[in-house]
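Undergrad: Copying in the features that TrEMBL gives for the protein in this structure:
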REGION    B:1-23  region 'Disordered'
DOMAIN    B:48-344  domain 'HTTM-like'
TRANSMEM  B:51-72  transmembrane segment
TRANSMEM  B:113-133  transmembrane segment
TRANSMEM  B:140-157  transmembrane segment
TRANSMEM  B:163-181  transmembrane segment
TRANSMEM  B:220-240  transmembrane segment
TRANSMEM  B:278-301  transmembrane segment
TRANSMEM  B:308-335  transmembrane segment
REGION    B:366-408  region 'Disordered'
COMPBIAS  B:398-408  compositional bias 'Pro residues'
Amino acid sequence: MCVVTTLVHLGAVFLHVAPPNPVSQRYSRQVDAWVYPFFEQNWRLFAPNPDSVNRRVWARTAHTQPDGSARVSPWTDLTALDRAAVEHDPFPSHSAQNLLRRAWSSYVDTHGADDTARSARAVMMQKYLGNIAAERVAGLRGGTFEFVQLRVVTAPVVAPGTAAGHRPPTPVENRLLPWWKVTPRGK
Amino acid sequence: MGNEQIRELPAAPTAPGGSGGGGGAWAPGAVHRLLLARTDAFWDFLTGRPVSLYATSVLRIGYGLLYLSFLLREFPHRDEIWGPGSPWTPSLAAQLFDQTGWYSFLILSDSRAYFELCYALALVTSTLFMLGWRTRVTSVVFATVVASFHARAIFMTDGGDNLLLLMAFYLALTACGRRWSLDARRARIKSARADGTPTTRARSHVPQDLRAARTTLATVVHNCGVFVIAAQVCFLYGSAGLYKVQGSFWDDGTALHYVLNLDLFQPWPALSHAMDRYPLAMAVVGYLTVLTQVAFPFVLFGRLKYPVLGVLLGMHVAIAVVLGLPLFSATMIVADAVFLPDRFYTFLPHLLRRSASRCNVPTPGQGAALGSVPQQCAHPDGREEYRPVSRPASGHAGPPPSGPTVAQ
């Protein structure tokens, strides 16, 4: 029994981690049933290609004033906080290296290129990202606000051999997200 | 249970190569006998004795220590990562668990006090697991703790956390508390005490049979667990390598340039930029990384595994320092330790003692005066420790208790 379980487990995990192939496609239902959720894994470490871009997430907030007009804050570079936290730290925290970075990549995974949430998971990721932004801004600047907006600037890593100072030909993506309502802060 | 297994097992030896390099003219009886012999040998190996007891203990100590360091490192951020104040709110986590079937005891209550209690429980569990106190129970609690904390912060995890979680599950199957643990110490003291008194035979056969069955079961589950751990590490490296092979940057040798220029993985920007100035060296290292990872599962059956493990160790240390991923790297290094045979671990203390005495460091066994200042070892030769590995059978210090290892 133990041996059979071992072999079944290893077979399922193998098909789960291997690049998609006819066998894993054919048995995907069984493999998923066995592997998820506890044995889920992904070893695409810097693969197939490492990221060749650096993303910077900016945030600003808005507060509706009693007279009905909106007061909008200046932009805050949230990624700069993470970078500052990582720099010269031999043991960087997950909250700096992974939190915002993975929240954004999960947002992109669930939303794609446009910002309409089309699934329950997408709504959740949007809430998560909004909470992160609201908390960071509130922690940094304080103030009262009910809305938050993100801007994500993607800059490519210059290809090797390119002379320093020359701008790379690849366009820089500048994605402005819609305003999101968040739990009011600072009250 | 045993009979079922024996009936199912002949499938393995009938695989090509399993029946030896015969010419195909085997009499049916001979084949049958051979299969039976193979099956018996396999069965004996499986149930005879637990393999790699030292290696699993090293994994237990390593992962207990790593999780403890992780929890302590994140102490200032604990609420943001796992607590009720996390941007991944308890209700979002609960909603996700409904979708995925995960579970975490951390979302049972939104109160801060409850969370602090869980955090303290996690600290204590990791410590006890590391020390090997009542390991069988502690290992299950440890796996539960790791799973709960992992699931609560699932969107903040990376590959290192993922591997640590899998290992926590697998280690609960193994007898990882039999060596270098408080359990082992207690057993030693107990047996020393029992030596003085005449052993009392069990009055009836039933408990003895039960105990034997329990031992066999524990051995089988342990051996299967060790095999799963080893295979898991092979899958990890194999798939990491296979995916890299598909990447154009790894192909053209520029991958490390991009890795070195990622803002969040640059704790020492000057170091990263300095390395980036040597594209040839980085291309070589990149190729070596891919080749080592793809080759990993295939080199485990020979001596070649030691240099490969050495290369991987160097790679992980570099990742830890240059990319600021010490936890990830250490998790991988500890996993690699499963491939070192028990005779390496039993030989280690011996070797340390010998190199200590060569440097005139008094060891407790020599009864040296405590007041004397030990002379420092002039050249603590790191490679020295590797010697018994590359020449395991050279018998420097008498016959080490040799045993089958995971890979052999």
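Positions of Cβ are set from backbone N, Cα and C atoms, glycine also.
Predicted automatically and left uncurated, TrEMBL annotations should be read as such.
For each feature listed, report its degree of burial, its nearest neighbours and the pertinent distances within the displayed model.
TA: In this model, the domain 'HTTM-like' (B:48-344) carries an average pLDDT of 94.
Outside the transmembrane segment (B:113-133) by six or more residues, the chain places 57, 60-61, 63-65, 67-68, 71-72, 78-79, 82-84, 105-106, 139, 141-142, 145, 148-149, 176-177, 180-184 with a CB less than 8 A from a CB of the stretch.
Panel annotation: around the transmembrane segment (B:140-157), residues 64, 67, 81-82, 86, 88, 93, 96-97, 102-107, 118, 121-122, 125-126, 129, 164-165, 168-169, 171-172 of the same chain, lying at least six beyond its termini, place a Cβ under 8 Å from a Cβ of the stretch.
Within the chain, the transmembrane segment (B:278-301) has long-range Cβ neighbours (under 8 A, six or more residues past its boundaries) at 230, 234, 237-238, 240-242, 244-245, 250, 253-257, 260, 308, 311-312, 315, 339, 407-408.
For the transmembrane segment (B:308-335), the residues of the chain that approach it from at least six positions outside its boundaries are 58-59, 62-63, 66, 69-70, 73, 158-161, 163-164, 167, 229, 232-233, 236-237, 259-260, 262, 265-268, 271-272, 275, 288-289, 292, 295-296, 299, 386, judged by C-beta separation under 8 angstroms.
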Undergrad: Looking only at residues six or more beyond either end of the transmembrane segment (B:163-181), which have a C-beta under 8 A from one in the stretch?
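TA: Residues 50, 53-54, 56-61, 63, 66-67, 131-136, 138-140, 142-143, 146-147, 150, 218-219, 221-222, 224-226, 228-229, 232, 236, 331-332, 334-335, 345 contact the transmembrane segment (B:163-181) from elsewhere in the chain.
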Undergrad: If we skip the immediate neighbours and take only residues 6+ beyond the ends of the transmembrane segment (B:51-72), which ones have a Cβ under 8 Å from one of its Cβ atoms?
TA: 78, 119, 122-123, 126-132, 135, 139, 142, 146, 164, 167-168, 171, 174-181, 222-223, 225-226, 229, 327, 330-331, 333-335, 337-342, 344-346, 403-406
